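Beneath this line is the structure, given in structure tokens, with notes to follow.
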Ligand SMILES: Nc1ncnc2c1ncn2[C@@H]1O[C@H](COP(=O)(O)OP(=O)(O)O)[C@@H](O)[C@H]1O
Ligand SMILES: [Mg+2]
């Protein structure tokens, strides 16, 4: 069973003994796992810290004791309303929606092997947002029906992009260009809907255009939370298959991955996550787009990006919402802050890909 | 080269019967029959776009045939669970993609996918398979290097290590030597010959260089018009008529002074000595 090698087959430097190689392989794998645990650990601690801060900070400051008291159902003077009714659902939705956008974004980016292919760039978020705005403004329906509208629209946009771009190969630039076009159309549709709305409400308008956590209550949090609890495990179950897909469809299939089935399950789960989050707080600008690349930078090539991206998405939304509320004189919705962060990165990616495309 | 069958030799038999494969309206293979004997090295040769990759992709069930079937030990591969098939039959496609920044050891480790369960827990067996694949391809020294930084020859050895880590008895390789200089081509072919001789791995590969295909294979399969034009030992397949019919090229066949097998000397319109 031992493979004998001709001397010409070596790289010049002596190859380690088989035992040495095994130690090296095991060491490298443990190193990757340590890095992973470290990154995920640090991100989790940061999420918990910012989450706690966003419950304490505000017009009135409440200390950890008061906040914990409210969280565990005690009646704390003043804090019960401010923390329990205003801050807690808002912070929980920030966590849940951030995770949804992070997971949905990185799934698309991984599957299509292009950071530009995230749902908020290629029109899926805009579709979900336009549908949610339509449900509320035109049809006057709310609750789960609003989420259902957003989901159907998100899947519809995904299918439409697929059909319009399937000639150029699914991973092609064509898909991204078609998606950007569709996103523009859908955003102007949202604009139109908002301009037709009877009572013009700037906060509501900004929610559907850039995303906002203002005035959210538990009735918006719950459907999104349920979606995350159902769909995140579905995606995580595909994590090894998605990893193999990054080697190319043929290689993945050769490794026993059912490529089309993996794609279908992943797209439906990712669109579901993005649509539910969008139905609750609008398409918080660029969170889906930014989370995966930031997570990849932090983690390096050390395994699946799903969990780190979910944590980065959560952190982005929590921090951006705090910044939007308190760091600047005027209060800005969270999506305006993430939009300011994401736009330069989008430009950078477009310029870089254009350069790569031009030289190869 | 000769095949020494030993105790670890592959016993899996791969066979295609009446394969018809196309893309949409375009028919690429029609009525193709092929039998791969266990423990042999087979090279598929044919003109560009003659369907060599299509054949390999159908054998490894990346494509479903419109007609006919692919049988592994008498079972249709299209009815086998995909991971089970991937533990017997490995494929190195023509242009695999390496993710940004991935290290050699990590990429080779991806070959373990069919041996792992859903929420994969790495086992000692996985590490051992990866180490073995690195040693067999002389890439252990590169284990920590990013794949993007390697030379073409090194990268190809790493990809071969990835399919070796899959530990399959059958290995299909699509143009494993293309884009390599001649010494790296020989290096890769020697490595595959070692695998075949030492482990009895059955190898099916697409090669463009007829002379290297002749030297390194037990059998050649020449594709033409969507069918097998000729199959058998190189000495029987590589005739002047065959080269004419399959490649549309005039040639002379002489004895390879190194291997004693056939050597194709192409005849073009220029630089042909009179007489
Ligand atoms: N994915 C595809 N879609 C459509 N046509 C294809 C596809 N892949 C290959 N073909 C066509 O099938 C024919 C055979 O291709 P291929 O099997 O790649 O040939 P070879 O590997 O022998 O060069 C070619 O005409 C090629 O254009
Ligand atoms: Mg080919």
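In case you wondered, yes, glycine gets a Cβ from its N, Cα and C as well.
Given the structure is predicted, the values throughout are model-derived calculations rather than measurements.
Feature annotations, reproduced from TrEMBL:
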REGION    A:1-22  region 'Disordered'
TRANSMEM  A:37-57  transmembrane segment
TRANSMEM  A:91-109  transmembrane segment
TRANSMEM  A:121-141  transmembrane segment
TRANSMEM  A:147-164  transmembrane segment
TRANSMEM  A:176-195  transmembrane segment
TRANSMEM  A:215-236  transmembrane segment
TRANSMEM  A:264-290  transmembrane segment
TRANSMEM  A:302-320  transmembrane segment
TRANSMEM  A:332-351  transmembrane segment
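Tallying C-beta pairs under 8 angstroms between the transmembrane segment (A:264-290) and each of A:37-57, A:121-141, A:147-164, A:215-236, A:302-320 places A:215-236 first. Only sequence-distant pairs (6 or more apart) were considered; of these, fewer than three Cβ pairs between the transmembrane segment (A:91-109) and the transmembrane segment (A:147-164) are under 8 A, so the stretches are not in contact. Counting Cβ pairs closer than 8 Å and at least 6 residues apart in sequence, the transmembrane segment (A:176-195) and the transmembrane segment (A:215-236) reach fewer than three and form no contact. Same-chain neighbours of the transmembrane segment (A:215-236): 85, 89-90, 92-93, 96-97, 99-100, 103, 107, 143-144, 147, 203, 265-266, 269-270, 272-273, 276-277, 279-281, 306-307, 310, counting only residues six or more beyond its ends whose CB sits under 8 Å from a CB of the stretch. Long-range neighbours of the transmembrane segment (A:332-351) within the same chain, counting only residues 6 or more positions beyond its ends whose Cβ lies under 8 Å from a Cβ of the stretch, are 94, 115-116, 121, 203, 206-207, 209-214, 281-287, 289-290, 293, 316-317, 320-321, 323-325.
Among residues of the same chain six or more beyond the transmembrane segment (A:147-164), those with a C-beta under 8 A of the stretch's C-beta atoms are 119, 122-132, 134-135, 141, 170, 175, 178-179, 182, 186, 223-224, 227, 267-268, 271-272, 274-276, 278-280. Sequence-distant contacts of the transmembrane segment (A:302-320) (same chain, six or more residues past either end, CB-CB distance under 8 Å): 32-33, 35-36, 39-40, 43-44, 46-47, 50-51, 54, 91, 94-95, 97-103, 105-107, 110, 213, 232, 235-236, 239-240, 242-243, 284, 287-288, 290-292, 294-296, 334, 337-338, 341.
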